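Listed in TrEMBL:
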type	residues	note
TRANSMEM	36-55	transmembrane segment
TRANSMEM	75-98	transmembrane segment
TRANSMEM	119-142	transmembrane segment
TRANSMEM	162-185	transmembrane segment
TRANSMEM	197-225	transmembrane segment
TRANSMEM	257-279	transmembrane segment
DOMAIN	317-375	domain 'CBS'
Amino acid sequence: MATSTSENHQLFSPTEMMAEAEKFALSKANKTSSMTLSLAIMAGAFIGLAFLFYITVTTGSADAGWGLSRLAGGLAFSMGLILIVICGGELFTSSVLSSISWANKQITFTKMLSIWGKVYVGNFIGAMFLLALVSAAGLYQLDGGQWGLNALNIAQHKLHHTPVQAFALGVLCNLLVCLAIWLTFSSANAMTKAMMTVLPVAMFVSSGFEHCVANMFMVPLGITIQAFAPESFWMQIGATPAQYADLNVMQFVTANLIPVTIGNIVGGSVLVGLANWSIYRRPQLKAAKITAITQTTEITSVKEITMNTATTIKQIMNTQPITLSVEMPTSVAIDTLLDAQLVSAPVCDVEGRLVGIFSVHDVMVDLWCQDYIPTKGQKVVDLMSRDVVAIDANDKLVDVAEFLCIDKEQLYPTTSMGFATRLTSLSLEERAKAMKVSQPHMLPVLENGVMVGVLTRIEVMQALRPIYGDRLNVVPQAELETA
């Protein structure tokens, strides 16, 4: 039985949803072409099945009222996106969210278009496969031919939008489809994901917005019925093929498929994908988020005797540190660090403000994510960390030394009321030596908000070295042996 804590862990904040969206977008680039095509074929068939459901539900439902009839059809159509979300199909209208990976410079523009192209073709193949089955089954004859008449009217209506209308309806459609997909990033629960898709899909379908993959099935279905339905069918419905003569391939492609596809791309990739990316992920060259050290060391008489506790960071820091610029290519930044034998360096903007930290750790993580194939055109700003731990130039050496090696929350595990949260038989010295403290290798030093230097453990140790007394001139072992 799941606990409430585990259930809470299944819910993601908007920022965490953005991270899930990035994983979703990048996963599309990591699939093989055969897998992408196969999943796209499945998705094309799933959307076709959803439209079959829509036609069945709305056929003969005129007495229920226009709005309620279309609402019922929209709810039925949501089955298509549920199948895709849960079963993992590749749908063109959601694949355009791979624009996030392009914006993150994880894939090239050509790679992004390649993904879209493969999915688009796969969706079309899936739609045509289902169309062949539906035609062979003669579903258009259901309800005395009324099912087929409904399909004809739906398909014909789609071909009578102006190009601007078709484009706008495409934008509105994929705005909702991609918002439905985006909502699924809020949870790890399959049932929740399925329910999240229902209302956005029901709205776009009931409002008559245009979906290029759905149209790949719906309009060819109307064209097929118009071209191949027997005379008995037309007699049943009291219509003639001539009334639907505008249902042809050329009209479908020019009046519907092209403008709707372009609209779907804009609605999904721009209004959802890139819009959220610009809010949560777009590199912003603002001053880094600074976390200052807070602990203060109590000075004992022994420390007063053995070291100068009044020493400040300003006295020992490196006042001429190596800094990197945000626009510096990653390769140049790596060379700079290697030449100076550094593992990290502060990043400053053109005004000299501290905007981040660039480290070899960031580079290694990125290389691992990219299968050790560096992203072309990558710059320092793309990899640097914007959350920076900094110290003040007037901080005392003894405080910084403690900050670098001691975590008081681990050393003294107590609540805010002073109650112990963990019992141990270890002495204070044993606990201090056993704890694992992870602090930055390099700390920027600020004075009045301006970076004036950096401090590493080397400078700290150099300042602490006099505690051990004068330096001894050690005679090399080789000289002792020859003496």
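Including glycine, each Cβ sits where the backbone N, Cα and C put it.
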Which of 75-98, 119-142, 162-185, 197-225, 257-279 shares the most C-beta pairs under 8 angstroms with the transmembrane segment (36-55)? 119-142
Same-chain residues at least 6 beyond the ends of the transmembrane segment (119-142) with CB under 8 Å of its CB atoms are 28, 36-49, 52, 56, 59, 90-92, 95, 148, 151, 213, 216-217, 220-221, 224-225, 228-229, 233, 236, 261
Can you tell me which of 162-185, 197-225, 257-279 gets the most C-beta pairs within less than 8 Å of the transmembrane segment (75-98)? 197-225
As a test of reading the model: what is the averaged pLDDT for the domain 'CBS' (317-375)? 88
List the helix, strand and coil residue totals of the domain 'CBS' (317-375) as derived from DSSP. 20 helix, 15 strand, 24 coil
